[in-house]
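S.K.: Quick paste from TrEMBL:
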- 1-179: domain 'Myosin motor' (DOMAIN)
- Gly60, Glu61, Ser62, Gly63, Ala64, Gly65, Lys66, Thr67: ATP binding site (BINDING)
Amino acid sequence: GIVLVAINPYEQLPIYEQDVIYAYSGQNMGDMDPHIFAVAEEAYKQMARDEKNQSIIVSGESGAGKTVSAKYAMRFFATVGGSASETNIEAKVLASSPIMEAIGNAKTTRNDNSSRFGKYIQIGFDKRYHIIGANMRTYLLEKSRVVFQAEDERNYHIFYQLCASASLPEFKELGLSKS
């Protein structure tokens, strides 16, 4: 399949705006510069043409921008499918509660708030190829982090938050201590 290498520039660039989505919509792969929108357009087009499920795999190291790339792909689908104004799809699908973030995020040597989850996002489309729903499954990638952390890394945030809250009355029955 198609492979796109994306580099996180650590700053906002004007290459993900609405006008760029429209520029890539309807284009053939290779007609324009490599972009997450080109990959999303190709998947969208093949889904509509072949009426078969499509997959986009976003992979990379910690801090590489995988979650952001997934957001941009979902924004593309919502916009070209005509459902962007009705559903802020990327916000709804990727909205994680602070509890989920605390349980699955940890400090690594490259990122202070690195998600240690794998995510599988399934987006449903109707017969007109409008988004009708989505489901996100998460799975914990680094169970070993519970008992071991590399030098200069931390365990999952939840452990530190629980210790910091140990003196609160609602946590008394948990038997936590700060030591």
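Glycine is no exception: its Cβ is also placed from the backbone N, Cα and C atoms.
What you are looking at is a predicted structure, and each value in this text was computed from that prediction instead of being measured.
So where do these features actually land, and what's packed around them?
M.R.: The Cβ of Gly65 (ATP binding site) lies under 8 Å from the Cβ of Ala6, Ile7, Asn8, each of which sits 6+ residues away along the same chain.
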S.K.: List the residues of the same chain that sit at least 6 positions away from Gly60 (ATP binding site) in sequence and have their Cβ under 8 Å from its Cβ, in sequence order, or write 'none'.
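M.R.: Long-range Cβ contacts: Ala6, Lys66.
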S.K.: Restricting to the chain of Ala64 (ATP binding site) and a gap of 6 or more, list residues whose Cβ falls under 8 Å of its Cβ, or answer none.
M.R.: Ala6, Ile7, Asn8
